[in-house]
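Have a look at the structure below, then the notes.
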Amino acid sequence: MNAAAQLRAIAARAWRAVVWYAREVSGEARYEHYVERFAREHPGEEPLSERAYLRAREEHERLHPNTSCCC
Amino acid sequence: MTTATPAASQPAPDTAYTADEEARIIRNSSGLPVGIKPKMVWTWPKALLWAVIAIVCALAWSVLAIARGEQISAIWFVVVALSSYAIAYRFYAYYIQIKIMRTDDANATAAERVQDGANFERADRRVLFGQHFAAISGAGPLVGPILAAQMGYLPSVLWIILGVIFAGAVQDMLMLWISAKRRGRSFGQMATDEMGKVGGLIISVFLVVVTAIAMAFLALVAIKAMASSPWAVFSLGMTIPIALIMGCYERFLRPGRVIETTILGFVLLVLAIVGGGMIAANPVLAPIFTLNAKQLVVALVLYSFAAAALPHWLLVTPRDYLSTLMKIGTLALLVIGVVIANPQVQVPALTTLASRSNGPTFSGNLFPFLFITIACGALSGFHGAVSSGLTPKAIEKENQIRMIGYGSMLVESFTAIIALIAAITISQGVYFSMNMSPAQIEATAGSAYSASASPEQNAAAAVSRMDVQNIEGQRMRVEWQSGGTVVTGAEALDAAAHDVGEETLVSRTGGATTFAIGMANFLKSYLGGEGSIAFWYHFAIMFEALFILTTVDNGTRVARYQIGDLLGNVRKLRKFADPTWRPGNLITTFIATALWGTMLYMGVSDANGGINAMVPIFGISNQLLSAGCFMLVTVCVVKAGLGRYAWIPVVPLVWDVAVTFTADFEKIFDPQLGYFATASSLRASIDSGQLEGEALANAYASLSNAYLDGVLSVFFLVMMAAFLAVGVKTVVSTVRARAYGDHLTSQEPFLESNWFAPSGLIATRLERKVQHEFEHHPARRAELG
């Protein structure tokens, strides 16, 4: 492997790491984790759609507010 | 060094352990590796590295401590901070981990025990670190160091760094630890469990009041930065439609695409800042967006009431995205900016104000008031509440507590260091002109004051009468560099205001304006050059205001739930404890908004600008909450039979009690500094009949402000003294009965873990090997099916 290709590979890996981190921190990847876990625990059943999952999560947060705050 | 021996569970060749390594690996009953015993393994390169870090640290500290009459670079502050943090994290935090927390990766964490797919869900340690940092950080650390800079940089930098190492980060980590061991119970619940009902109730009531004060104080800072600035008002006002667009985009067009939504919002935000410049330059539109402080208070109160009533996804969630991005992104930009701009420090280690109690930004002696003023960057009681919230429910392994709890707080402290650098690298004359209220300028300028002169001329006159020296030992000057030429005096203030696109910079108290000037100086050095200073200034104002408004949004909600819970304790009002009951929601939201709204209104009406009166009450309440955290931790440590290590929480507890109680006493009883003394002198000037019109109204507002703050000070003192008494009583009865042991506390009993994850930010080689074995282990495969 020449230096340029090696550099490209490193850059690609760094970019993937950044995207992974951003998706995890922002909560965007949460639905995927839910689907994975659902498939493991309830094989053969149909998980919620992304929209339905987000609504359920929102409702859960409304009913279980996080009461810690700030500064 | 290849003394590899084949381990019992047939690891692949690349994961062969040495005998030493194998001895450290923790296996559960099915042979699955679930952790590694913490141990300091010394190699020559490592020892050398730490020796170098220690030498650099000592060198940097001595530069800051003994620099006299010479220029020093602000990069020394970064070096001092980072090297001190590294040593503290590696050695002191590790010592606490081994001696007090005794983290055990054989034990399952709350996330593994419960795994409900909602809050109790294992989160990757690096992700959780980011989320925990985003949860603890707020605008607090950006304000305190700016105000404290009047005394010189040395006391501030000492307190920010030593405070975080021995108090702030210890508190965060140990609160996280006791909560993680108790299924993520909240501060109030743990106080009830370990110290009885009285303790729990005190913390619950305390939290509501402290939250309201924090919101009022931070909102005051934001309003001071926005008042009479059409640019800031427009661009911040635009965040409301931007949030609505983001909310609808994420809900209807691209459900769940958080990053896309955030990028969209950020682009709109930048456009709003650019647009604000056009508005400010437009003679027709500018007056529409020029609001004074009182109008802004009304707007803010109405807005946050609406925000609490609207569904979350529409306004609050998208705003959260934006402020989280701004928080982390801007901090990174700033650190790079400090290194590239390499600004020179203008302020000496100690100014003459350090030995006086009548400095303009905060009143009172260095001890205790400097330690009160710099609250959040060194020690913040709020973090005790945050650390016992969501984070402990998501931790994968006990060994990660040090990195998440201690590490996040170190980053928070570093934010405070950056804010301090911002304050001490601008001309002192500009700093004091911005941070003195009109009344203080008039008093300081004395006979040089002229009612017909411009605020800039009066401010320059006041600065020339202050015997504060700059770092070179000369009398400080008002200086501003504009387009390559240095302007001095009143012209400097005019030029500065013109350069950043403001009407005036004089008397913009509260710290946000000062921070924005400093930040604009760093960022223009490598992003956009001289011409971009106005944009970066308003970017900084936006950054801080957005931060604060997010805090106010969240704080209103939090206070509303806390009030609901408190009211729910009364039998006839039990319904209030149900967060889904709409009328109850409206009533508790109204109470919460009214609480901080009133304080805020009284703050802006204050003739001295309000900040001066609000800083101590905010700092004292926040630091007293820390005393509560340390007391609770001490109780837990003693109950666990670790009395000989109790000094770790007790030393900061004693220090914190000394600081807060002295400050609170002075604020109640002192004839100069006390709130009641202020009240009686205000009463006298009202009774003299010389005031009329707005001055009279403001005097009445200041009077009620002083009374309210005075009553709150008494309330805090009594409450926390009672809490400490309960804590000491619990400790004494535990020691007398010799009733030690985890089983006597509310700690969860041991449960075998089935999960492995590395402990630090970066996995070690051994951790990677264990991870590999864990993933390919037959017991693990069987579990996955």
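Cβ coordinates come from backbone N, Cα and C, glycine included.
Same-chain residues lying 6 or more positions outside the transmembrane segment (B:47-67) and placing a CB less than 8 Å from one of its CB atoms are 76-77, 79-80, 83-84, 86-87, 90, 153-154, 157, 349, 471. Residues or ranges marked as transmembrane segment in TrEMBL: B:47-67 (among others).
Feature annotation from TrEMBL assigns transmembrane segment to B:73-92 (among others).
Annotation comment: TrEMBL describes B:73-663 as domain 'CstA N-terminal'.
Per TrEMBL, the feature transmembrane segment maps to B:132-151 (among others).
The transmembrane segment annotation in TrEMBL covers B:229-249 (among others). Sequence-distant contacts of the transmembrane segment (B:229-249) (same chain, six or more residues past either end, CB-CB distance under 8 Å): 260-262, 264-265, 268-269, 272-273, 275-277, 279-280, 285-291, 296, 303, 313-315, 317-319, 321-322, 501-503, 538, 541-542, 545-546, 549.
Taking Cβ pairs closer than 8 Å, the transmembrane segment (B:261-284) reaches residues 229-232, 234-235, 238-239, 242-243, 245-246, 249-250, 254, 318, 321-322, 325, 501, 534-535, 538-539, 542 in its own chain, all 6 or more past its ends. According to TrEMBL, the feature transmembrane segment maps to B:261-284 (among others).
As annotated by TrEMBL, transmembrane segment applies to B:296-316 (among others).
Summarising the annotation, TrEMBL assigns transmembrane segment to B:328-346 (among others).
Sequence-distant contacts of the transmembrane segment (B:366-391) (same chain, six or more residues past either end, CB-CB distance under 8 Å): 119, 128, 131-132, 135-136, 138, 140-141, 143-145, 147-148, 151, 155-156, 159-160, 163-164, 167-168, 171-173, 175-176, 178-179, 184-187, 190, 207, 210, 214, 354-355, 357, 404-405, 409, 412-413, 415-417, 419, 615-616, 618-629, 632, 652, 656, 658-660, 662-663, 666. According to TrEMBL, the transmembrane segment annotation covers B:366-391 (among others).
Annotation comment: TrEMBL describes B:403-426 (among others) as transmembrane segment.
Taken from TrEMBL, the feature transmembrane segment applies to B:584-604 (among others).
Below 8 angstroms of C-beta separation, residues 100, 140, 144, 167-168, 171, 174-175, 178, 187, 190-191, 194-195, 199, 202-203, 206-207, 209-210, 213-214, 217, 362-364, 369, 371-376, 379-382, 384-385, 645-646, 648-650, 652-653, 656-657, 659-660, 663-664, 667, 709, 712-713, 716, 720, 723-724, 727-728, 730-731, 734-735, 740, 745 of the same chain, each at least six residues beyond the ends of the transmembrane segment (B:616-638), sit close to that stretch. The transmembrane segment annotation in TrEMBL covers B:616-638 (among others).
The list of residues near the transmembrane segment (B:645-663) in space but at least 6 beyond its ends in sequence, with Cβ under 8 angstroms from a Cβ of it, reads 96, 99-100, 166-167, 170-171, 174, 364, 367-369, 371-372, 379, 616, 619-620, 623-624, 626-627, 630-631, 633-634, 637-638, 717, 720, 724. Sequence annotations record features per position, and here TrEMBL assigns transmembrane segment to B:645-663 (among others).
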Between B:73-92, B:132-151, B:296-316, B:328-346, B:403-426, who has the most Cβ pairs under 8 Å to the transmembrane segment (B:584-604)? B:296-316
Take the domain 'CstA N-terminal' (B:73-663) and average the pLDDT across it for me. 91
